[in-house]
Amino acid sequence: MGHGSSKSSSVDESEDSSSSGGTNSKQHPSFRGRIKQKLHLHRRPAASQHAKLNSHETFVGIALVTLINAEMKFKDKWLACISIGEQTFRTDISDQTNMPTWNSEKKFVLELNGPHIAKISVFETNRLSKNNLVGYCEIDLFEFLSRLSDSDTEVFDLFDPSSSNVVVGKISISCSIEDPIETEKSFARRILSIVDYNGDGKLSFSEFSELINAFGNQLAAKKKEELFKAADVNGDGVVSMDELATLLAVQQEKEPLMNCCPVCGEILEISDKLNSMIHMSLCFDEGTGNQVMTGGFLTDKQASYGWMFKLSEWAHVSSYDVGLNSGSSASHIVVFDRKKKRLVEEIIDGKIVLSMRAIYQSKIGLGILDKGAKEILQSLSEKQGKKMNLIESAKDIPTFLEFFKDQINLAEVKYPIDHFKTFNEFFIRELKIGARPIACVGHDDVAVCAADSRLMAFKTAEESRRFWIKGKKFSLQGLLGNLPCSNDFIDGTLVIFRLAPQDYHRFHFPVSGTIEQIVDIPGCLYTVNPIAVNSKYCNVFTENKRAVSIISTSDFGKVAFVAIGATMVGSISFTKKKGDYVQKADEFGYFSFGGSTVICVFQKDSIALDEDLLGNSARSLETLVTVGMQLGVSIKKHTEVPLPDINNCVLGA
């Protein structure tokens, strides 16, 4: 384990005493006090996550999170995972016990506008193919570090994935953060340890020479004697840790010593001192074995998979990556949760995946569809829809909830489960008032997300074909049918909201305006799962049954709203009609049983979509969003008058 240097030595008694009331308390607050103040002054959500710091002013520090132990209700062999941003790490598996101890730690770089909600998941490991999620908790690391207690350790309840009200255990977690000044010293200490063979904490000239050679800078290597004299400030013939830290800090500003990381060999950006220091500090921990968690996972579900999944990966039967893997390897869908700023795996039945891959990713499969299976899908959807409206279908609700146990929040649902007399009544469930905050209420020049969904956003239809839609015949004109106004959307901006079966299935208006028309377009009922959308053999969005609505707005011009049916979703119902004036986030309608899609098309140069949505989409990565989240702002309005500060807009119900 040990790395005592990870906890800030700058939080010493003198600083604590000064912060509690000495004459210098206002001039020299404690490090913990500075962190609390910094977090308090910058509590606004970020637009996106970045691998490197965009601004040094946003750097909070390097957080050390330790999963210490847990108390569970039964004995088993346990493992725990921590997920934050696009990183997931797992502990080793404990012994057979109800009191597992891991003492596993990991460092994370914290930024004011970066990911800071950590999900801790605890799995029992008695499954061969996949371990079972027993409990989880979510921790806001900013709040953890800002709380009044000076203790680094806290005990959290672990909640049942199927009910956030049921506690299944407790987990003890430690979180501390390095002062950036201490991080530099800690880094210098690690650098020094590379060649400090006798362990006295000082470098002789020969040891110093070896260190300079390890930095890979030939110019610096030619000036070893000059650099050694510059570092040896007190002239005692050796370079101490503090002297080395000073040399590295000063020299890196004017003539950098390090061109590459001494541990992994990665080329460093000479002009980016802080990111280089962060990289090497983390690299040293991993390279020296101080970080005992296993990494390289995208989600906790991937980290928990057993040997059967690993064997399938080795045999190329399955794979796991950001975004969707097209073709035969499309076995897992990983999306980015915008609210919590981390990757999550979408739950989908394995048998359904296999059938969809067989049908939609091959010419033979689509050939079968062309020879009558389309009619079968239509008939199947109609029969399934009728079945889900029968009283006896209500018995399927508990099974459905168990399958999606950690992806449906019953606390948000307007009515209790026993209120729903059929499965379809539950499927088109309403939410409680206020369950979905609306961005910038009263500002119609700010568009919002139309559904709880997985979103893809593109400036043009051409971009959508490059990154996502592989159907050869897809076009905006094809999507909108023969509407007279379809030419108004040439080169328009495209936003796709894909609803999965577990989602809230009512869709809402992204903008305020008047409904000019609602036109039904008959068609097929292909699945809208990305496996089909990414198929080059069919054209899901332009061949499926759909309803096209045109909304006239003062801020965005005309907006096309396309509700698309899918397998098991033969019914698209509207709760508003032609001629109605609507406010953004008002309910527009709902889909019956199954997953489906809404596509919104904005006229060219009418909306500036949020950059995080565009950035994820350019990676073929869907963004998990909820109704009312900000989608973009009006370009027209932006050119006429200054926009309000989006980050200070009041959220409303």
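Placement of Cβ uses the backbone N, Cα and C atoms for every residue, glycine included.
As given in TrEMBL:
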type	residues	note
COMPBIAS	1-11	compositional bias 'Low complexity'
DOMAIN	44-156	domain 'C2'
DOMAIN	183-218	domain 'EF-hand'
DOMAIN	219-254	domain 'EF-hand'
ACT_SITE	Ser596	active site, schiff-base intermediate with substrate
MOD_RES	Ser596	pyruvic acid (Ser)
Arithmetic mean of per-residue pLDDT over the domain 'EF-hand' (219-254): 79
Surrounding CB atoms that lie within 10 Å of the CB of Ser596 (active site, schiff-base intermediate with substrate), all protein chains: 33
Secondary structure tally of the domain 'C2' (44-156) (DSSP, helix then strand then coil): 9 helix, 61 strand, 43 coil
Structural state census, the domain 'EF-hand' (219-254) (DSSP three-state): 25 helix, 2 strand, 9 coil
